[in-house]
Amino acid sequence: MIATLLVLGLPLFAAPLAYLLRRQEVLAAGIVIVTLAVHTFLLWNYPPATFDVLGRTLALGRTGRVFLISANVWVIGATLYTLRISQGWSIYPFWLVVQALFTGVFLFQDFVLRMLVFKSAWLLAILLIQSGTMERTRAATRMLIVIMLATPVLLAGGLLVGRISTDAADLSLAPAAGTLLALGTALILAIFPFHAWVPQATEDGPPLVTAWVVGLFGTVFLMTLVELLAQNPWVLTFGGMSTLLRGAGFILAISGGLFAFSETHLGRLWAYSILADQGYILLALSLGGASGLRIVLFLLGARLLALLLSGMAIATIRYRLTSLEFDALPGTAQRLPLTYLALLGGGLSFFGLPLSAGFAGHWMTLRAIFPDASIWFWGTLAATLLGVLGYVRALHVAVRLDHDGAAITDPEPLPVAILMLGVVALSSLIALAPQTLLPLIQFVLEALRSA
């Protein structure tokens, strides 16, 4: 019982101490690292037992455990980075509280309750995006609008799914349920025209916080949606959600590549490449079945790694230059070579370039959606290549010397360089041997089948 309580509440118990010591960044970061390391050990070795509270069964399944362990490792890596390049004092207690809320999301078995806990975590994330930039409120305001619009839509869709599940013969409400869930997904995953908060967050918020919000929150939502669809596969077919997800995926993959190509701000370029990757995830999700879920899980794993890698790179460049406009980049590649290696390794993974961690997932998605290489296949591929050219343009500017003929920044701190090299090595392993992720993916798929 003690192990169960620690698994459920350890991050929450440690958050007040991290808050009190937040101005002592080394101590606060140490609390986060130790807490999440212990939390990961407990999740791996002592998963909490199923128990009832107020008539509701709470159980942390294998899917939730895999995500929470992955999220803990991600946050530990990001926290190590902040020891040398700060992302704000507030992140340490907030990261712990949100990790506790993520645990709550996966404890509940009801989709409606999960979305309510998810909304609470999202509201805390808005405060982090806003921290340090009180005069710039556009990203926080847009995030608030998104969650306020998405929550009632998702709750209504979840209630309809629950009602239909109790009476399998009555599928008259299936199209309404599928449409509501698809609309809520469009809002949460920033599908055009609801995408504006993501590029704005790269300007207003700390880059690693933006990567954390987009990566972990998006993954929590998608894993929750995947579990719902695994338990109610009729939503994709009778509910028409498969068609809606596929259309949204096309829009996001194509628009993300086009917008990335036209950008002259490194942060917004990064944001649009993230959105393009989300388009591929939606395309894979629309496939349904075990094969579709396998691709989704692979894309999510590569995505989390790419977000950590590129987020550290963007944060380093922003810390050195204070501006991410292309005009400020000349000469920086010579003094920040590892940073630009990390940026390309993560950024190009979002577009599925060969020899990147995201290549296998993107290619499997394209071949599954377009087995005959139709015009849509070539159109999506062309938009992806345009997005890649956006990074080529940025690199071309960065390798140019400034008007004085010398680079204008200091090199990366040694600990940051070592950390980025470690993540680059892991990303290269996934790129060269994607089968490395298969045991973990199979573990989650078996959990979904038994749900």
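Just so it is clear, glycine is given a Cβ too, placed from its N, Cα and C backbone atoms.
Copied over from TrEMBL:
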TRANSMEM  24-46  transmembrane segment
TRANSMEM  66-83  transmembrane segment
TRANSMEM  89-108  transmembrane segment
TRANSMEM  115-133  transmembrane segment
DOMAIN    127-386  domain 'NADH:quinone oxidoreductase/Mrp antiporter transmembrane'
TRANSMEM  139-161  transmembrane segment
TRANSMEM  173-197  transmembrane segment
TRANSMEM  209-231  transmembrane segment
TRANSMEM  243-263  transmembrane segment
TRANSMEM  269-288  transmembrane segment
TRANSMEM  295-319  transmembrane segment
TRANSMEM  375-394  transmembrane segment
TRANSMEM  414-433  transmembrane segment
Original post:
Which residues, given as numbers and ranges, are at least 6 beyond the ends of the transmembrane segment (414-433) yet have a Cβ under 8 Å from it?
Top reply: 77, 80-81, 83-85, 301-302, 305-306, 308-309, 312-313, 316, 338-339, 341-342, 345-346, 349, 355-357, 359-360
Subject >> Same-chain residues near the transmembrane segment (24-46), Cβ under 8 Å, at least 6 residues beyond its ends >> reply: 3-4, 6-7, 10-11, 14, 17-18, 65, 68-69, 72-73, 75-76, 79-80, 82-83, 86, 89, 92-93, 95-96, 99
**OP:** Count the CB pairs under 8 A between the transmembrane segment (295-319) and each of 66-83, 173-197, 209-231, 243-263, 375-394, then give me the winner.
**Re:** 209-231
Subject >> the transmembrane segment (173-197) in contact with the transmembrane segment (209-231), cutoff 8 A, at least 3 CB pairs, sep 6+ >> reply: yes
